[in-house]
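Pulled from Swiss-Prot:
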BINDING   G211, E212, A213, G214, V215, G216, K217, T218  ATP 1 binding site
BINDING   G610, P611, T612, G613, V614, G615, K616, T617  ATP 2 binding site
COILED    396-530  coiled coil
DOMAIN    3-151  domain 'Clp R'
REGION    6-71  region 'Repeat 1'
REGION    86-151  region 'Repeat 2'
REGION    164-345  region 'NBD1'
REGION    346-550  region 'Linker'
REGION    560-772  region 'NBD2'
REGION    773-865  region 'C-terminal'
Amino acid sequence: MDIGKFTEKSQQALAEAQNIAVRFGHQEVDAEHLADALVRQEQGLVPRLLDRMGQKPEAFAEALERELGKRPAVSGPGAAPGQIFVSKRLNAVLVKAQDFARQLKDEYVSVEHIFCVLLEEPASTIMGRIAREFSLSREKVLGVLEDVRGSQRVTSANPEDTYEALQKYGRDLVEEARKGKLDPVIGRDAEIRRVIRILSRRTKNNPVLIGEAGVGKTAIVEGLAHRILKGDVPEGLKERGLFALDMGALIAGAKYRGEFEERLKAVLKEVEKSEGRIIMFIDELHTIVGAGKTDGAMDASNLLKPMLARGELHCIGATTLDEYRKYIEKDPALERRFQPVLVDEPTIEDAISILRGLKERFEVHHGVRISDSAIVEAVTLSHRYITDRQLPDKAIDLIDEAAALIRTEIDSLPADLDEANRKIMQLEIEREALRRETDVASRERLERLENELADLRAEQTALLSQWEREKGSIDHVRSIKEDIERTRHAIEEAERAYDLNRAAELKYSRLLELERQLESAEKGGHDETRLLKEEVRPDDIAEIVARWTGIPVTRLLESEREKLLRLADVLHERVVGQEEAVDAVSEAVLRARAGLSDPSRPIGSFIFLGPTGVGKTELCKTLAEALFDTEENIVRLDMSEYMEKHAVARLIGAPPGYVGYDEGGQLTEAVRRKPYSVVLFDEVEKAHPDVFNTLLQILDDGRLTDSHGRTVDFRNTIIIMTSNIGSPYMLDGISEGGEFLSGVREKVMEELRRHFRPEFLNRVDETVLFKPLLPAQIARIVELLLGRLRGRLAERKIDIRLGDVARDFIAKAAYDPVYGARPLRRYLQHNIETPLARKLIAGELRDGTTVEVDVVDDALSFRIE
């Protein structure tokens, strides 16, 4: 007997039979041990055959083990442990199994051959008796085996991989639609009709759905499955099966060369045998190119081509545009066998309709309500702010995550109840400490504490019962909704089966009753102040968007009008003496937000011109804080680093083949991470002229393509470029009242035009001239800087006061029109912060004191109160 002629599963069963014999303490392996091993085999064929015959494999195995337990067991010293022998009877069974395999023209002895021989054991044996008890016979097994195996012969050591290949390596989408496992498909009628038209063709009847990730390619195929189920398809497609092929399952575990091809051929043979009744769906179609390819082996695409060419295989593919170009178009023979169907991103209106159709599924799954305004908000916010993903996928994700957020809040302790629990624990610890004390004050405190604890416990009990009541109410609503969904599914099934009496009974009796129950359950419990939130509202959607994109949620929900009307005031608080600049920036932002400027361009683009230290960069920081709540949302690029021609590549990333290609560009990566920011190009005149060619498409279209081909969205950024061009004209051409003399602006603009090309300057919204600061404005800046110092000293409760004389003295001493306000910070550091630090360390200045700063003998003096 050649053990090499037994399949892998047969060999595993023989090894397991030996283990069973050892476990029972038997001295030889008999037919019953092998039968037990076959019936208990994981993913084995015998349990599947028993299931098909209506017998439970577990019951059969238990009956065998009961009888095996009655046999005499041998223990103690003697033969080497585990050394047992094959009985003469089992040997005969295996020889008969070999003969039976030859009779069926199979090359290997498989588990079904052994099982059929075991069932023919005489009634005097345990095996024969149990087989008759369970009404099992060789003929019955062969009848079921024919359904599973078909006309296939055992020609390899792993024949089970090729049995029922479609069930094993695919999902029947029509069957899943029948069971209600697929989500409803709303819209996409044009694409589904196009797929149906292609499937109805005589040749090249294989559509491939091509579109960006998340636009709903798989949903179109699920929509087709729904239509096939309802019979809403042409005659040629009615009663068709639609199987989604799982390439991962096909490849997984294929250890030896040829094993993958064998599995795929088994799938294709089943499809071929169906004579066009089965349509195969391959998601991620590009995976078939190169799948299973090893030295000398064929990949999946080459196995599919002949059947696709002959029209024996009806196949629907789905893949993205990039992968179609990269894999399918490279193989023209494969490409011409498929007919492309382009799937575009749905419009905002269509995406809202899709989400409305899915709303009920999400409500039932999460057990919460989803308001219609939340659906509209999810689509509009995702379209506006999540630019690197596609509708409807990104909007569905928003709704799903917001509903999950509400559900987790329902399942966890409410904040009020959690706070009450913590207070009770804190007071109980305090009570235990006070019980050890004997003085009168401690006794009084203990008495007060007991009363407080009693009140808190009463509050906790009330809150707990309210929470449980509300949670029970929400769960009750959820169970009613689940019943409604099951009833609707049952109505659809009854209508498909033309069981009109049952359909009418369910529709006009059971469904109406459930809807009445739902209405009364949703009405109840709304009068009291609720602990739990059970509805997804627009603010929940905004909160999720804020988490994903980093935009503060308060800013997102605050009305645009309020935010923009306050913008000029907020900027004036921190930027002193630059009314024209502040007004120009705030007005440009107002125009952009009011929709009077092109929405495809950035919020605003400005060139700030002026001498050093007049507030150009400070205005950028203030603008970032006012619009985006934080100074951190500023992308700052020092243009003196981009003086060489090749440095331009650093903005958008190195081209393919160059070092640093994978790292991305400094500008594009920064804006991709923070799409809502102020982009500051500092000292812009120092950059190479080619940099401005890159900026042209940002200023005009609000977008920039990086070296990887990804489009970065600049529509929600404010572009600011600072420069010192024309500073000498501005310093010399200022009047005593702080206004520019006539002709100064023209000279500065002329200088600017000499530096930059007209097509660049023409795209900038506003060129703003910053005036040199006057002494009066310097005094205000002194107050601003001292305000920041007060903030640092506030932690120690130290206050600092500055008289008018001292303020004017500092302004006069530190002011230099050439350097602007920057010398002020240095002056305050040397003449106020350093002396105060000395006094703090020496112990002269203590917490809670006030420092008066005055001028004595042309120097600052400090008086501590």
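Glycine residues also receive a Cβ, built from the backbone N, Cα and C atoms like all the rest.
Sequence-distant contacts (6 or more apart, same chain, Cβ under 8 Å) of G214 (ATP 1 binding site) comprise R389, Q390, L391, P392, D393, K394. Of the candidate binding-site residues, G211, K217, T218, the one lying closest to T617 (ATP 2 binding site) when CA atoms are compared is G211. Of the chain residues outside the ATP 1 site list G211, E212, A213, G214, V215, G216, K217, T218, A318, T320, V343, Q390, D393 have their Cβ within 8 Å of the site's Cβ mean position. Helix first, then strand, then coil: DSSP counts for the domain 'Clp R' (3-151) stand at 96 helix, 6 strand, 47 coil. Taking each Cβ in turn and tallying the other Cβ atoms within 10 Å, the top scorer among the binding-site residues A213, V215, V614 is V614. Broken down with DSSP, the region 'C-terminal' (773-865) shows 54 helix, 19 strand, 20 coil. In the three-state DSSP scheme, K217 (ATP 1 binding site) is classed as helix. Within 10 Å of the Cβ of G211 (ATP 1 binding site) there are 21 other Cβ atoms, across all protein chains. Ranking the binding-site residues G216, P611, G613 by how many Cβ atoms sit within 10 Å of each one's Cβ puts G216 at the top.
The stretch in 164-345, 560-772, 773-865 that contributes the largest number of Cβ pairs under 8 Å to the region 'Repeat 2' (86-151) is 164-345. Mapped onto three states, the DSSP output places G615 (ATP 2 binding site) in coil.
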